[in-house]
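Features of the protein shown, as given by Swiss-Prot:
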type: TRANSMEM; residues: 21-36; note: transmembrane segment
type: TRANSMEM; residues: 101-115; note: transmembrane segment
type: TRANSMEM; residues: 140-156; note: transmembrane segment
type: TRANSMEM; residues: 203-218; note: transmembrane segment
type: TRANSMEM; residues: 237-252; note: transmembrane segment
type: TRANSMEM; residues: 457-472; note: transmembrane segment
Amino acid sequence: MGLPWYRVHTVVLNDPGRLLAVHIMHTALVSGWAGSMALYELAVFDPSDPVLDPMWRQGMFVIPFMTRLGITDSWGGWSISGGTVTNPGIWSYEGVAGAHIVFSGLCFLAAIWHWVYWDLEIFSDERTGKPSLDLPKIFGIHLFLAGVACFGFGAFHVTGLYGPGIWVSDPYGLTGKVQAVNPAWGAEGFDPFVPGGIASHHIAAGTLGILAGLFHLSVRPPQRLYKGLRMGNIETVLSSSIAAVFFAAFVVAGTMWYGSATTPIELFGPTRYQWDQGYFQQEIYRRVSNGLAENLSLSEAWSKIPEKLAFYDYIGNNPAKGGLFRAGSMDNGDGIAVGWLGHPVFRDKEGRELFVRRMPTFFETFPVVLVDEEGIVRADVPFRRAESKYSVEQVGVTVEFYGGELNGVSYSDPATVKKYARRSQLGEIFELDRATLKSDGVFRSSPRGWFTFGHATFALLFFFGHIWHGARTLFRDVFAGIDPDLDAQVEFGTFQKVGDPTTRKQAV
């Protein structure tokens with residue numbers, strides 16, 4: 001037929017049977033990718049250290065989504081929380097991956113069947129004998145079924161009534177686990193960080209979808225609306241479907257990047273705003289202050305800080321620290337975290353405690369500046385030693401570690417002090433293994449960054465697709481030069497402009 005690549009889909013334009021076939025094949029490809037990707041990730045995933053080497057540090061993309069929905073155990077005998085399991089059953093990571101691959105195979109066979117047997121009676125209009133689809137009726141059916149699925153997910157799966165619940169954690173991503181969630185019907189249900197809103201919104205949206213589906217099944221659209229929105233044209237369906245998809249993609253790009261109850265930091269990593277606002281740093285200092293108020297020593301107070309909380313307060317886990325064309329997981333960047341060295345406290349020779357200014361997100365390099373509790377600069381690592389007034393050597397800065405592997409160790413050697421001051425710019429200090437993965441030391445983004453980038457990009461492309469196909473279906477008569485609703489019989493070749501009696505051709 002010699003169609004250009006951008007017009008190949010016209011082959012299913014007036015062929016409902018094969019239109020169905022290609023959509024089933026598309027579902028087969030999507031499901032097959034999901035199952036295969038899950039098996040690949042499970043093959044390379046190391047579950048041994050859920051605190052310092054969680055799934056998001058390893059660049060896992062589909063495992064977090066399975067975990068979010070309640071899958072925590074593997075046929076390999078491990079659990080995502082770090083424990084061991086003996087009988088994970090069918091609802092394990094491998095079980096779900098296998099189910100997707102089996103479903104993909106069934107869809108593949110169904111697609112072939114529908115491609116071969118395309119001329120089914122159900123697709124032909126009994127009045128005209130031509131292939132046709134009752135699109136408003138199909139819309140009602142799909143809306144009803146989507147409503148049932150949405151309601152069922154919210155009322156049964158999320159609430160634990162018949163299902164596992166979903167992943168729920170505390171605001172600092174320390175105590176996450178899969179648990180049943182009660183619907184939040186008050187104003188708190190609109191807080192994007194309240195898990196109960198997920199249950200209540202799915203129940204409400206599902207109920208609305210069921211009612212709307214029944215409405216569209218029982219009420220036919222008015223003729224003027226039907227014609228005005230071109231409801232008989234399959235390209236109208238394409239245009240509105242693309243609109244639904246790009247809108248959803250923009251929404252999830254937002255909930256992923258800014259964070260929400262649906263994107264827990266234990267599964268997808270922290271957000272950049274938690275670094276920008278010193279979110280974990282404030283919580284760490286609050287806990288240390290409480291410890292000191294309970295008459296604990298500084299060393300004891302810092303030793304009670306969970307390693308998991310300290311690890312979140314490290315710039316290498318900021319998804320905005322990745323870069324264009326920096327492929328690979330976070331572990332391929334700065335390395336695999338092995339242990340927390342402890343919190344360094346810097347002091348000058350007069351005993352003042354000094355704080356290292358932290359590197360802002362979008363800086364690759366940043367001057368090492370130490371300030372006191374009032375924000376006055378007391379020491380730095382100068383660019384020009386000849387003009388320096390606040391160098392570590394001149395001010396006599398020392399460092400002592402509290403908590404972690406170097407608990408109680410202090411250094412006064414200027415070279416060592418400067419080394420730890422530089423590392424303090426990046427948050428809490430961790431020992432990182434770069435040898436195992438041949439990590440290059442350049443920060444990478446987390447799956448949170450990749451997901452956001454992908455969905456925001458495709459949402460933009462699909463937005464233009466919606467405009468394109470919407471314009472094509474609304475203005476088809478203008479583009480073609482033929483009114484699709486023209487009832488009068490048109491004799492081609494009689495007029496210079498088709499159907500325009502004022503342009504009758506002269507008889508030769």
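Numbers here mean position along the shown chain, with the first residue as 1.
Cβ coordinates come from backbone N, Cα and C, glycine included.
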Same-chain residues at least 6 beyond the ends of the transmembrane segment (203-218) whose Cβ lies under 8 Å from its Cβ atoms: 136-137, 139-155, 183
Long-range neighbours of the transmembrane segment (101-115), counting only residues six or more past its ends (CB under 8 A): 17-18, 20-22, 24-25, 27-29, 31-32, 35-36, 39
Positions on the same chain near the transmembrane segment (21-36), where near means CB under 8 A and six or more residues out: 12, 62, 97-101, 103-105, 107-108, 110-115, 118
